Amino acid sequence: MRQVPDLVEIKAMDSADTLRSMRDQFTLPEGIIYLDGNSLGAASKITLQSLQEASQEWSQDLIKSWNKAGWFELPLALGDRIGNLVGAAQGQVVVCDTTSSNLYKVLHAALAMRPDRSVIVAEGGSFPTDLYVAEGVMSVLPDIVMRLEGVDAPDIENLIDDSVAVVLINHVNYITGELRDMAALTQTAHEAGALIIWDLCHSAGALPVHLDEAQADFAVGCSYKYLNGGPGAPAFIYAARHLHEKIRQPLSGWWGHARPFTFEQTYAASAGIGQFLCGTQPILSMRALKGALSIWDNVDLQVIRHKSIALTDLFINLVEAKCADYGFELESNRNGQKRGSQVSISHTNSYEIMQALIARGVIGDFRAPSSMRFGFTPLYTSYEDVWQAVCILEDVMATGAWRDAQYAVRAAVT
Ligand SMILES: *Cc1c(COP(=O)(O)O)cnc(C)c1O
């Protein structure tokens, strides 16, 4: 059996953890080990307080709050705060809409900037919405075709040539957690004359991201996963400043207008990143996000990354030591530097096993066809959580508890 730390050593790791006190800022229920912050981040006290304040602003100041409470400025103000977390200088990130709709805007705009080219390169293993949105864009631009990694060639690099307009890529794979080299792939795309769009859904708040340094063109991401903005919290768009004048995004609504309150008859895009706005934004969700982002003011993403790798390494080692006989296969990279903040393991009965875990208070999720995903959020996950989770997994397997028929019933959200 592999040598793994015991509970005494694991408690010592928690005592030495400089992020330990952050957990108190969240409102996690007793008895729950929450390993799904990569799908829906936990609520924090300050986020809920922010929602309370927003309800006051709405009920007491009504429409005056657009000016008085800064509602109208929230998309750009929050964009700059997220910019700090993804390596973007001010004025290049805006918070708005959903990742899916933002992908549409950005992909369409990027294709229009390479009118002589006709290819989108993406990943067969992409989070599906990226591919669905690309299909939607192609339905209005019939000359565009898509090449997929894993379908048309094993490696994305082999798909990038001088016919490629845009490379659309997930920074961290949603199933395996595989982490791409942003600087290297951006360079490959640029050397071929293509633009690149990074989907940061599983990296914003999970690890340091360096958009400016990597010279990325565009990025999108969501704020309800590692940024803990709340269910359906608005997403974000990054566009490098030097591109702003050349962009024409297709959803040209009044919030992206240079002068929305002159109510002109024709569209004139706003000059900066605000041109990616379309219509009135979900202010209550933005107010919640404002609270959630304030947590990050005193957090060093290098420390987050260090703990994230330690948590995921510990999980892998414990699963391999304690659950070696149960037919699990590791789907994530064993090298912590090459994965995001999650670990996936596969099993023929992943769905049932995950349901049995959830019934015992260990919340991860299932991704078809056979993955159990465990997300590790350094802000509120302890090393002891990891230990407990694996002990419960071991018990669910050893006792066969997962075979209970109730765990085979499929819910709408897995
Ligand atoms: C979660 C996720 C999305 C979600 O898109 P929504 O429009 O917010 O539903 C998109 N892309 C990736 C890679 C994701 O992980």
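Keep in mind that glycine also has a Cβ here, set from the backbone N, Cα and C atoms.
Those TrEMBL annotations? Automatic predictions, nothing curated.
What TrEMBL lists as pyridoxal 5'-phosphate binding site is THR99, SER100, PHE127, PRO128, THR129, ASP130, ASP199, HIS202, TYR224, TRP254, THR280. Feature annotation from TrEMBL assigns N6-(pyridoxal phosphate)lysine to LYS225.
Each of the binding-site residues THR99, THR129, THR280 was scored by other CB atoms within 10 A of its CB, and the lowest score goes to THR280. Sequence-distant neighbours of TYR224 (pyridoxal 5'-phosphate binding site): residues of the same chain at least 6 apart with a C-beta under 8 Å from its C-beta are LEU40, GLY41, GLY230, PRO231, GLY232, ALA233. Between the farthest pair of Cα atoms in the pyridoxal 5'-phosphate binding residues (THR99, SER100, PHE127, PRO128, THR129, ASP130, ASP199, HIS202, TYR224, TRP254, THR280), the distance is 30 Å. Cα spacing between ASP199 (pyridoxal 5'-phosphate binding site) and the residue listed as 'N6-(pyridoxal phosphate)lysine': 13 Å, rounded to the nearest whole number. Only THR129, in sequence order, out of the binding-site residues THR129, TYR224, THR280 have a CB under 6 Å from ligand 1.
The separation of LYS225 (N6-(pyridoxal phosphate)lysine) from THR129 (pyridoxal 5'-phosphate binding site), Cα to Cα, is 16 Å. The DSSP secondary structure for PHE127 (pyridoxal 5'-phosphate binding site) is coil. Among the binding-site residues THR99, PHE127, THR280, the residue whose Cα lies closest in space to that of LYS225 (N6-(pyridoxal phosphate)lysine) is THR99.
Within the same chain, the residues at least 6 positions away from PHE127 (pyridoxal 5'-phosphate binding site) whose Cβ sits under 8 Å from its Cβ are ASN170, TYR174, ASP199, CYS201, listed in sequence order.
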